[in-house]
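For reference, Swiss-Prot has these:
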ACT_SITE  D161  active site, proton acceptor
BINDING   I43, G44, E45, G46, T47, Y48, G49, I50, V51, K66  ATP binding site
DOMAIN    37-321  domain 'Protein kinase'
MOD_RES   T194  phosphothreonine
REGION    332-361  region 'Disordered'
Amino acid sequence: MGEPEPEQIRLKCVRKEGFFTVPPEHRLGRCRSVKEFEKLNRIGEGTYGIVYRARDTHTDEIVALKKVRMDKEKDGVPISSLREITLLLRLRHPNIVELKEVVVGNHLESIFLVMGYCEQDLASLLENMPTPFSEAQVKCIVLQVLRGLQYLHRNFIIHRDLKVSNLLMTDKGCVKTADFGLARAYGIPVKPMTPKVVTLWYRAPELLLGTTTQTTSIDMWAVGCILAELLAHKPLLPGTSEIHQVDLIVQLLGTPSENIWPGFSQLPLASQYSLRKQPYNNLKHKFPWLSEAGLRLMNLLFMYDPKKRATAGDCLESSYFKEKPLPCEPELMPTFPHHRNKRATPATSLGTESQSRRGRP
């Protein structure tokens, strides 16, 4: 007797009417059921889904389970989630969150991403830790973010939503960039993309002025905001609207001009802003204690012209990270046992969704 015929998998085609069959050689194998995981607590919400802390009942490993949100979808998995899954499956770096596998619930539209678990996120730590990070610890964190970004950018991926709440840290001090719901692969030449990305406080000026040509430089602006936030112990540019955000940038860096940012006046939304006349760069006034190397790095990250903005590789070579206080080793980063996500809901299987609120550390 020959081998049995493989079960047919038929998928609905979104762009054309009808269905198509997935050939057996293109299948990755059956996904495990989410019932094989024990839910411990809900720990947050990413761009496109709820995140749980859970235990793999087969291996006892603690993982993060991200439930893919299907709120507005009628024809299957949201394209944003497909992008995130596709990107994460090909990314392997110590400073990028790991997608271990995809598991399914009771219904076809119930999908979970099994991610490597990190004990805390930087946003919660900044809100709750009694003593702010030292400069040596800030350098340790930012170096790890830069290494992860260098890997992403070398693989032609823009994260597009870097912020402290998307930076996770393990109890070994390893920092990992997470939440790739807005990430995009890009090519050369760069294709147009929507400017409505990146959380407002971390949004580069070219995005605020409506550019559709997005490059890795938008991630680097966000790194500058993160570095400044970690050093100052508060957000650098906490705008309440896009107009306010632009004004805060001008107050900090001075008014942009064609001399320092060629093509700036031709950006789609440039004519809609009435920019205050402010000729001074106030970074040194904002960080009077920061070394010349630190200010130089920050200025390179906050260049108005995206083409002149520092790359992740440039930053990794910065003398700021080679002067005292030197970056501490990740293993020597402080631990925060009282800020970890502990069991906040009854332990159950993940067949049903909890209504508990985010368990703040």
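For all residues, glycine too, the Cβ spot is worked out from N, Cα and C.
Annotated features taken from Swiss-Prot, shown on the structure.
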residue: I43; record: ATP binding site; Cβ within 10 Å: 26
residue: E45; record: ATP binding site; Cβ within 10 Å: 15
residue: V51; record: ATP binding site; Cβ within 10 Å: 23
residue: D161; record: active site, proton acceptor; Cβ within 10 Å: 24
Candidates I43, E45, V51 (binding-site residues) - the one closest to D161 (active site, proton acceptor) by CA: E45
I43 (ATP binding site) in three-state DSSP notation: strand
